[in-house]
Amino acid sequence: MLRIDIVTIFPEMFKGPFDVSILKKAQDKGLVEIKVYNLRDFTEDKHRTVDDYPYGGGSGMVMKPEPIFKAVRSLKKEDSEVILLSPSGDLFNQKIAEELSKKNHLILICGRYEGVDERVKSIITREISIGDYVLTGGEIPAMVIVDAVVRLVPGVLGDPDSLREESFQWGILEYPQYTHPRDFEGMKVPDILLSGNHERIRRWRRKEALKKTFLKRPDLLEKTSLTQEDLELLEEIKKELREEV
């Protein structure tokens with residue numbers, strides 16, 4: 001079972017997201033245990049202070065080291081992965097999600113204000129960012145990471161095929177999806193999906209996935225392993241796009 005402990009000054013933010021859908025089912029099945037801790041419970045002064053002014057001056061407040069150290073020390077085990085959600089961390093992606101899903105215990109520390117005291121870095125194992133933009137705190141990044149990681153835990157998703165076919169699972173974007181009706185306001189489902197020819201459908205889906213990736217996220221093609229068929233399909237795609245111009 002994967003255990004995830006989240007340390008935050010706003011525990012109420014996590015009440016909704018973890019009580020519905022796949023995250024709730026994963027907990028109900030006993031595959032994942034998620035607990036949220038209020039950082040203020042690890043303070044020792046009557047005001048439950050978690051932040052203070054920065055040395056050297058500057059705007060904003062900085063999260064104090066003492067409560068974070070105390071929280072981590074009370075929760076940490078030998079095999080714990082202690083993660084600080086930080087703009088300066090490694091950019092979160094599917095590969096990191098897969099790595100974390102294989103861990104036994106994750107501790108997520110949600111930063112706030114102008115950041116955390118630099119000395120906190122001495123007790124964490126990695127820093128993670130979810131993107132190059134500014135957020136109010138680490139709570140939303142923590143939710144993103146938990147959602148991405150939990151769905152990869154064996155047994156969480158009912159259909160293993162859905163996990164294998166998802167975007168990024170094979171390093172590229174997913175092929176287009178269609179459902180009923182067959183014709184909606186003149187927009188029709190591609191005939192090949194109605195052909196019943198599984199090999200042609202498979203090839204069409206792979207080609208469409210490669211095309212979408214080539215047009216929207218070409219950087220992904222440089223990072224993934226492509227088969228000979230993929231390379232041939234990409235040449236077809238490039239030729240077709242040139243002919244459209």
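Each residue, glycine too, has its Cβ placed from N, Cα and C.
Bear in mind that the values here come from a model prediction, so they are computed numbers and not experimental data.
Pulled from Swiss-Prot:
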| type | residues | note |
| --- | --- | --- |
| BINDING | GLY111, ILE130, GLY131, ASP132, TYR133, VAL134, LEU135 | S-adenosyl-L-methionine binding site |
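A map of Swiss-Prot features onto the structure.
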residue : record                               : CB count, 10 Å
GLY111  : S-adenosyl-L-methionine binding site : 26
ILE130  : S-adenosyl-L-methionine binding site : 20
GLY131  : S-adenosyl-L-methionine binding site : 11
ASP132  : S-adenosyl-L-methionine binding site : 7
TYR133  : S-adenosyl-L-methionine binding site : 7
VAL134  : S-adenosyl-L-methionine binding site : 6
LEU135  : S-adenosyl-L-methionine binding site : 14
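Taking the centroid of the Cβ atoms of GLY111, ILE130, GLY131, ASP132, TYR133, VAL134, LEU135 as the S-adenosyl-L-methionine site, the other same-chain residues with Cβ within 8 Å of it are PRO87, SER129, PRO141.
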